[in-house]
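A.B. asks: Got a structure for you, questions after.
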């Protein structure tokens, strides 16, 4: 259910807070250090204002910003784990909360582009999940495609958490992958500008509904002298309805109560519209156990490394040249 300014921990489930962090204007390493201090200060203030909160989420790019002229430079990149994530870990341990943070991560292979990474830190100060963005926002983003799959970890109140990053949420197969691995609360951290505001809302709801899981999503908010970032933190129920919807205000804290057991129960007890089950058991009324092969060509082709669209040879944009990244396979920005 939605939170009417709730401050306490629900008897079952947990309270989440999603921070519509102001889009950072970052021109130097000092600006990044300032952002980290601001994030930590905000985490502690949120815990003080909402004593029952157990999970606090910060959006994509909140640590290092979106200075596209510098975001690939060594000065702007961080390691995971590293001294900056240790600061986040210390804050989570002090506040006794789970935290979700965004890091543009230096690639261990210096000949390849950096990763766009999200981490979950538990109340003991341990990184319990590390995710590298699988689907960078082509053709704008130069991040190397993630190589860690879609991990799932235990969270508060019986939750099983997964994180996707921004454009990942537009890929329905990725939400299904998280659910297939047991996720019942799917987190989305984003740095979208207003061009896809409606689609953001739509996909947060559809990812919840198609997979019978909660979604908790938060975007940067404010203006960076180029784009406006829409905020619009959103918490969706496992039936696809919106429980809480934020506005476009920087610093807005979107809170809501989440009951993972209700999503788990729906997965166990629903017949109609239990679509994540039906995908692998189609027609089980007529055939015991149903048909296990969905017969979907694109899944077979994707698994075989043969995925190709009928119009692919005629597509106009298939590399990063339009944004100054002529794709050669080498490292940009060194």
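Yeah, the Cβs are placed from backbone N, Cα and C, and that goes for glycine too.
Pulled from Swiss-Prot, these are the listed features:
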DOMAIN    14-260  domain 'CN hydrolase'
ACT_SITE  60  active site, proton acceptor
ACT_SITE  133  active site, proton donor
ACT_SITE  166  active site, nucleophile
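Walk me through where these features lie, including what they touch and how far apart they are.
C.D. replies: Within the same chain, the residues at least 6 positions away from residue 60 (active site, proton acceptor) whose Cβ sits under 8 Å from its Cβ are 102, 116, 118, 165, 166, 189, 190, 191, 219, 220, listed in sequence order.
DSSP gives residue 133 (active site, proton donor) a coil state; it is part of no helix or strand.
In three-state terms derived from DSSP, residue 166 (active site, nucleophile) belongs to a helical segment.
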